[in-house]
């Protein structure tokens, strides 16, 4: 490793060395013409309170400057831009052409063939009749196609939200034939409030709230939910009649094994397992050869449904205990606005369920939208997306749909099938419409086992072992959040898993802010750069000077800790340190570069630090305070206390002023 | 302002300039013997997972290394140190002497004279009989004297905790003659759980949790509570009989004015207002001449009580409607362990009240302890303090005391009277004991109005306008938290004020983490230093290179924002920026100094940033990643993606490598 001076080339370095030697020999007290003068620390231009406030609000809520394109435009242009902002379809439809249509049509047909069997299965997961699943793949995708800005997302019911909704609804209303109407009404109410939540978050630009569910927590949550959903499908796959209502792995497995002797139906198992094997095989096919055959797993579910339905129909296996779908209501979505609870005890419950389901649906949709936007390199306006998703769920709740969102598996197929715009959702939605009008009676003999197989093969893709491994490698605390969510979902319930995920994510932020790291700095030989002596073992500490870097904003939550930690560096009886700084410490330089902000408590802590140091005969100096910090330090008159000349542009500056004799 | 090169003196600078000129003329592609080689970014020594974990746990929970002094000691020494750690009295009693005794005795007598009238008043605030206030100034200070490590704190009931306890107890049990026993039992239960909470926090070293209530929020909360308490005293001061149970300013003032015609008692007002004037005057006396007469306001309350009691006794004003204390039970604390609820419905309520009251009591005591420890420059072990305070409240709850903590006004008097050790608490506690045994019957004729005056004059000191002004000047968001707490307490209730204070404090942390600041950097002329161009207007941007500093850890909560914000700097159509960087940007350097940490989402965002930049033909480079960051970046294989040579020790290094032709 050839380490060289960082700020000059070879010759420069040598000349510099000569210059340094010159300087050292002349000493700090010499009468040379140009004594060293430290560079001033800049004070940012003073802003009025109003300016400061608006700048902060703008950066928090309007970080993406949504109105930028409206600036300096005529009124009619502004109106057009406004309409296009709300309905991006008017923007992309103008240069829509046949090539794009071809891509969208193929993609739309592919995702339709995938969504129809999934929808029927997911509706069961939510405890709703099969037709509600299909309804949710007709109206919401249409609305989204007009209002959404993602080009790749495929809208419809998804497994995790269906499971979450089902669990939470059944916690409020026991699901049986008598309560079915009430249960559906509560489902529509929850869907309505999920939509309202989403629109509200988007409209008030609070989209950043969903960022609080960390990537790692989502991976764990999704993986856990996938396992829970797959386990639940054992009921359909084995043809078990009496099954637990709980979702945790212990209850489910107990249910499965206690029914082993009398509750399993071999015909059902035969159908289910053989088609599951077929589906898994097509999934494998889809992955080889550069995903050239991605369409194989995409149409496999529909083929399975057709084959198995035909098989059951000719063998009349339903007479031998093979459970079948039996009845799906024919025709388009009936209106359901009058079924939403707006008064009574159930409004509150519907609201609570809606908020949680809406947030989770949002998290999933935005994550998917961002992923594909990143792959095709276009910008996605998170807040606008939320308004689109929310509107589609509000309209959905009035047309017998339940919470729809972006599906990861179908969006991936959509992308690979070459979708160009949101028009693929329109194509899909029309295929679903035709299905609802003409084909639903044909699903009568579809065995439930095949739906179970389709759901299992779909959700297994949500268990992302690779991503979990990566999280483990990068950040152990993230991994704890991931595993907490995973085991919470698997062993307790979906809500508990979610709660664990959110709590650990928050705790991580707070821990960071409460116990910031501090580091001792040393000079990297032959440079003017001061760095952490643990990270750079070659860095050398300056005798008599302790340079401490605080790695965080100094806030009320950590100001005491920071003060005491710094004092501990000073008074530390650590023999190692004592050896290194043999001469008595006479200066403590606090490197403030990472100190982004400071508050009243922080200033207070600095004052206390100064006083404690003074009693030990140690001078305090600050290096490189940032914009916010220098502003607040000046407002507090702290510079008068420690001396205005004790605040430096950089550590190098401070050392040159305070310990001018030192040179490595 | 003479600005000079920061890293070299005059001659050095000139020679350097020559060197630079040399280098520039030779160009980056010259065959000179010593081409520029960037300094390596240090990789910290690899720690095992276990080491990393223990180091983190140690720093979070045992930041103060509580067992340091136990290291390398003999067993008997370890035992002695352990006893001394739990009971610091054995440590300081060894070199106790007459001089110290003199200081402690004077201080103890002074605070006793102050605490006796206050205790009677505060007990009323908590809805408890007067004797419970006195009991709480006997047992808890004794326990604290043995276990506490603060030398200045004066223990006993305090106004804010009494009010909080009273409000919360009365929300559960209506206070009337019938319910008194039940009410007292719930109060002891709450005290017990307050103690348990405190011991638990201390034992599990979770003391940092109380740091989450920010300094500004405490100022606001205390100020609001003071006003609420003072308003409540209008009942006693005006002799009003029918008074609202609510604590908000609107209800209280309505109560006062609606009773103006028939409910006020002029004799009471005369006594109350004249003594209030006397007390306020003595407070003024106490402040002048360098606080030489600090003892005047300290003994004034007792003098007022004696004078007014004597006056009522000889005039028999109680027959004219002047409310008097009437009865205080004589004798020492009766045991109350059997009165604590350990079963039944009220346990939960007592627990809830206890946790809140315990936390607030802790916050107050620790704040006071730290203040005085800072003034006398000794270290206070927060966790040990919590164990001491908790134990004293647990024992207190079994001896008819309610929640005691450190009182600000009495601790200040204690300090000024020259206390040396916690022995002053022992002296005070003995005086209270004598009072309980011999003098309580004499309080029979003490008018309630005088207690009201004493409380008003005591709590007005909690309204700290100066501190509020300072908060406003330093940090506006802190001021919002301060005012939120203040108005929450004054206009709604103590609990709501507390909730507002905590919520805003948390929101502030989260906002900081969600919307971190970013800054464009420029080179400060004649230095190698790159700084924010807004803070240093003289800083010059390098043509073709955009240097962005991210002012925060990059976490899941902000990774998307950071990525999009940086991309916005690049694509920004801001004409100002365009002008400055006229040549097309070909390098983006992210200065990572303030990026303390990064997680999986953060790495992910960097990868996306890299890809987006690549499509725009811009190279990404990182400068000065810290210990944690470089570790995680290496774990993620990100360097392979952007190129290992794109990670630099400093921005100056990066510029020398990427844009070697540039020099100002």
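Cβ from N, Cα, C; glycine included.
In TrEMBL, the annotation transmembrane segment applies to B:216-234, one of the ranges B:102-120, B:121-139, B:216-234, B:235-253. Annotated by TrEMBL as transmembrane segment, the relevant range among B:334-362, B:479-507, B:508-536, B:537-565 is B:479-507. When the ranges B:73-91, B:263-281, B:567-585, B:586-604 are checked against TrEMBL, the one recorded as transmembrane segment is B:263-281. TrEMBL lists transmembrane segment for one of the ranges B:183-204, B:623-644, namely B:183-204. Using a Cβ-Cβ cut-off under 8 Å and counting only residues 6 or more beyond its ends in the same chain, the transmembrane segment (B:263-281) has close neighbours at 236-242, 297, 300-301, 304, 307-308, 311-312, 317, 320-323, 447-450, 452-454, 456-457. The stretches the transmembrane segment (B:449-467) and the transmembrane segment (B:386-405) do not meet in space: the count of Cβ pairs below 8 angstroms, excluding pairs fewer than 6 apart in sequence, stays at fewer than three. With a cut-off of 8 Å on Cβ pairs spaced 6 or more residues apart, the transmembrane segment (B:216-234) and the transmembrane segment (B:479-507) reach 3 or more such pairs and are scored as touching. Only residues 6 or more beyond the boundaries of the transmembrane segment (B:479-507), in the same chain, are considered here, and those with a CB under 8 A from a CB of the stretch are 163-164, 167-168, 212-214, 216-221, 223-225, 227-228, 246-250, 356, 360, 468, 471-472. Each residue in the domain 'STAS' (B:535-658) gets a DSSP state, and the totals come to 60 helix, 21 strand, 43 coil.
Model confidence over the domain 'STAS' (B:535-658) is summarised by a mean pLDDT of 81.
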